[in-house]
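As recorded in TrEMBL:
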| type | residues | note |
| --- | --- | --- |
| DOMAIN | 2-301 | domain 'Acyltransferase 3' |
| TRANSMEM | 6-23 | transmembrane segment |
| TRANSMEM | 76-95 | transmembrane segment |
| TRANSMEM | 115-133 | transmembrane segment |
| TRANSMEM | 140-158 | transmembrane segment |
| TRANSMEM | 164-181 | transmembrane segment |
| TRANSMEM | 193-210 | transmembrane segment |
| TRANSMEM | 222-240 | transmembrane segment |
| TRANSMEM | 261-282 | transmembrane segment |
| TRANSMEM | 288-307 | transmembrane segment |
Amino acid sequence: MEFLRVISIIMVVVIHVAAPIFYKNINILGNRFILVDILDSFSRVSVPIFLFISGRYLVGKKERIKDFYKKRMKRIGPAFIFFTIIYAFLNYYMFRDINRLIKDIFKGDTYYQMWYLYMITVLYLVTPAIWFFRDKGKRYLNIISIISLSIGIIQCFLKIEVLWCFQFSYYIGYYILGYTLKDIKIIKLKRYICFLGYFLLSIVTAYLTYKTCNTNYKLCFFNYLSPFTILASILFYITFKDVNIKYNKFINFISKESFGIYLIHPLILYVIDKYIIINNIFFNISFRFILCFLISLIIIFFTKIVLNLKKSLIF
């Protein structure tokens, strides 16, 4: 799972680094837009992969509900409170609108990456209910996954806005599939075929995003719940879920602190973008990505030293 965590967090940061360029050029559809469109499309599997990983381990757990909640909330609770406050202040600093801030808090959208923290928290809360269906057989879990992702696809194209506490229902399919797909074994040739499928689906996502930018389906194919992203994520997960590579300490550190990087990097990126302007798109994306990623790692590293933390900063 280390490989999947590292690749996924790299993809998440790439998405957020490329986002300003994407939206700035969305009505121009020139070479700049095409480049970030392709980068984004290949990175769309990142969030689903994180959900697969969580589901792989948590859906299969067997422990008392009280103990499960205690462990999860002990690990995610402080992060939830701390980063909600930090990004609420940043939200207000940017927009100076208290009404908008209150609305964004209720939407689970104090800042653009925070929706995931709200969503995964609710998934943790409903996990014991998932155990009930797990004990009855994987068939029930597969049915729930299909229903969940189907509703997600409908939401993706109809663009229905719901409170954050209900968003988990769209993503529970990914969470469960992380568990139900974990025992699938494939030979090396099929692994290459799965990766080719991911590659082709990402190309399709980029093409359809480009073609629909000026239609009512604008950005629908960029959604984590678009049918092409769902299929690409499943194929990517199957391709790499059992890959065992001996990593150095640096890679292991990135893997363990991936969720911490997820939560802190938007703040770092905000500061970088205030003071650094690079016109060349290749240098812009690569420099901002490297700087943002390294500063996030450095902050986490020294925070752990100062607080004398033995475990990962968040999980």
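Cβ coordinates come from backbone N, Cα and C, glycine included.
If you look at the transmembrane segment (164-181) against the transmembrane segment (115-133), you find at least three C-beta pairs under 8 angstroms, all six or more positions apart, and that counts as contact. Non-local neighbours of the transmembrane segment (76-95) in the same chain are 101, 104-105, 110-111, 114, 117, 120-121, 124, 259, 263-264, 266-267, 270, 314-315; each lies 6+ residues outside the stretch with a CB under 8 Å from one of its CB atoms. Here the transmembrane segment (261-282) touches the transmembrane segment (6-23). Their Cβ atoms form 3 or more pairs under 8 Å, with each pair 6 or more residues apart. If one looks beyond the transmembrane segment (6-23) by at least 6 residues along the same chain, the residues whose Cβ comes under 8 Å of a Cβ in the stretch are 32-33, 36-37, 39-40, 42-47, 49-50, 53, 112-113, 240, 251, 254-255, 258, 261-262, 265-266, 269, 273, 281, 284-285, 288-289, 292-293.
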